[in-house]
Amino acid sequence: MNQINSEFGPDAGAKAPLVVALVGPTASGKTALALELAEHFQLEILNIDSRQLYREMDIGTAKPTAEQQQRVTHHLLDLRSPDQPITLQEFQQEATAAVSQVLKERGVAFLAGGSGLYLKALTQGLQPPAVPPQAELRRQLSSLGQANCHQLLQQADPQAAAKIAPADAVRTQRALEVLYSSGKPMSAQQSTNPPPWRVLELGLNPMELRSRIAQRTLQIYQEGLLEETRQLSQRYGPDLPMLQTIGYGEALEVLQGGLSEAQAIATTTRRTQQFAKRQRTWFRRQHSPHWLTGQDALSEAIRLIEAGLG
């Protein structure tokens, strides 16, 4: 694991370039702070949010708007259609190339997002299994239903299952795909080979996170989550794994008559709050961010980055 306390020694600048990562749970304010930091230091933003890698999933993922992307150049957004899954290994390869290019051009790279596993793969050199997507197997798993799939994973690879939420169809299917294709559980196939970067992790974890999540959920429904979900369902079918993820799953139930919009908003809020709790646990156990705890997160982050650039 990259440790912050050893990054900024007297010779650190000569040894390796600096990668700054702004992390934290959903609705913690990462997007707004990332834009301010990028503008202050004249940086570009590299996305590490797993759902924002997909095109046509804008509202439900709180993807940076067109106006925000005009303010600051973003990378690693809209890489594929939502019916073309991106494996962790594929993300790692694409993101490593993007980081290397930005470092070459600007001397510092700036990551922002809430997907801890993707951050770990990129900054700690996690080596995921090289198993390509298996379309037929995924169709079979989808037909079983997510509850059965997660139960299968608990039996076959309890270590991997413990790290995946029961409702997370995308990661559950991927873990089973790796297991059935290679004969080895995913948890036994991951090693690390850290890249030659210094990594400064900055974390956001506001006290009012629960109310921020409730406000964010209401906002995405008001902005058109139901219509976005309708279009995705019509184009790719209602069994699309990405339509089982938080927000889209509840919106799909509204469209199918299973939930009222008010019920869907309440369920999405609850699921997001549960997910945010898991995100905080992940960042606490798997990373060592400087938590921005002061009243002025921007000034605190600027000071830490300037020290890193030193």
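We number each residue from 1, going along the chain as drawn.
Even glycines carry a Cβ here, placed using N, Cα and C.
The range from 5-8, 49-52, 209-212 that Swiss-Prot describes as region 'Interaction with substrate tRNA' is residues 49-52.
Taking the C-alpha positions, the distance from THR31 (ATP binding site) to SER115 (site 'Interaction with substrate tRNA') comes to 14 Å. Neighbouring residues of the recorded substrate site, listed in sequence order and excluding THR26, ALA27, SER28, GLY29, LYS30, THR31, comprise GLY24, PRO25, ALA32, ALA62, GLY114, LEU204, ARG212, ARG216 (Cβ within 8 Å of the Cβ centroid). The two recorded residues, GLY24 (ATP binding site) and SER115 (site 'Interaction with substrate tRNA'), have Cα atoms 9 Å apart. With DSSP states grouped into helix (H, G, I), strand (E, B) and coil, the region 'Interaction with substrate tRNA' (49-52) comes out at 3 helix, 0 strand, 1 coil. In the three-state DSSP scheme, THR31 (ATP binding site) falls into the helix class. Cα to Cα, SER28 (ATP binding site) and SER115 (site 'Interaction with substrate tRNA') are separated by 13 Å.
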